[in-house]
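TrEMBL lists 41-291 with the feature domain 'G-protein coupled receptors family 1 profile'. Annotation comment: TrEMBL describes 23-50, 62-87, 99-120, 132-158, 206-226, 238-256, 276-293 as transmembrane segment.
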Amino acid sequence: LAMLNQTEVSEFILLGLTNIQGLQYFCFISFLLLYLTSLLGNSAIVTMVIAEPRLHTPMYFFLGNLSCLDIFYSTVTVPKMLAGFLFGHQPISFGGCLAQLHFFHFLGSTEAVLLATMAYDRYVAICNPLRYAFVMSPQTCLLLAVASWSSGFVHALMHSVMTSQLSFCGHNHIHHFFCDIKPLLNLACSSTSFNMALLNVVTTSIALGPFILIVLSYFYIISFIFQKVRSLEGSWKPFSTCASHLTIVALFYIPVLFNYSPPSSGSSPRRDVPVSLMYSAVTPALNPLIYTLRNQEVRWALKKMLWRKL
């Protein structure tokens, strides 16, 4: 009889953000606008980087990759969340849940590595300008981009394979708006200690490793500027090209480190949900705005592209 009760769960129910009716419509409109901003803004940047020869440089090549990532990243979670606001609790099949988990972590960890690559690019451009073209050759840039995407893929594959091995037999309600690892581990009937160790060790290192590289890059950039650049005017230019990147790093990393730094087991799902919202819906919409507002070349290319349309 005990065996009969242990029926395998074939689908999960995503409980979403809120049950309050009036709030659901407000959230639907807000997140729909954010999602459209993310799609339009990031698509515009990808189009500009491809179409405008002046933007065929390593910095914009990586920015194009970042915008591409952000389009997919918000698409993994936001449409399902929007459906939840309109139609209430969202059912998701076991396979669909694993796919969502896989792509969320694939794109998220790729973004972490890509941000470190962009910091390295800024470091070479400012501290080694004469060797920049040689160090950041097209081949190197391509290699760094491929390395970012593949490390993210391998990291996510590890999690999705390990989660698929777990058995789920009791509750199938996920207190979240998408299938993340921690809410799923809370529902598993089998032991999750290995999955938890994987989350604490590997996920923390794929977030912290690039973060340390970014901090180091900026430490070298700032000390180089203070040593070598004498005029205030001269020191402002390198800082302004780094400002947009630093803003994006802060927007991405503060919530990620907050959510995935160990001990992962002790954190409450109530706290994880708003933090996840930040990097899955808000940051992808802000990235193109930050780059266009702070960057003259991007603004120039955008104007040129719009004139062509008119």
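Yeah, the Cβs are placed from backbone N, Cα and C, and that goes for glycine too.
The shown structure was predicted, so the numbers you read here are calculated from the model rather than taken from an experiment.
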Best-packed against the transmembrane segment (276-293), counting Cβ pairs under 8 Å over 23-50, 99-120, 132-158, 206-226, 238-256, is stretch 23-50
The answer for the transmembrane segment (99-120), taking Cβ pairs under 8 Å and residues 6+ beyond its ends, is 59, 62-63, 65-66, 69-70, 72-73, 76-77, 80, 92, 144-145, 147-149, 151-153, 155-157, 159-160, 163, 178-181, 184, 203, 206-207, 209-211, 213-214, 217-218, 245, 248-249, 252-253, 256, 279-280
Here the stretch out of 62-87, 132-158, 206-226 with the most C-beta pairs under 8 Å to the transmembrane segment (238-256) is 206-226
Long-range CB partners for the transmembrane segment (132-158) (under 8 A, at least six residues beyond its ends), listed in sequence order, are 58, 61-62, 65, 101-114, 117, 120-121, 124-125, 198, 202-203, 206
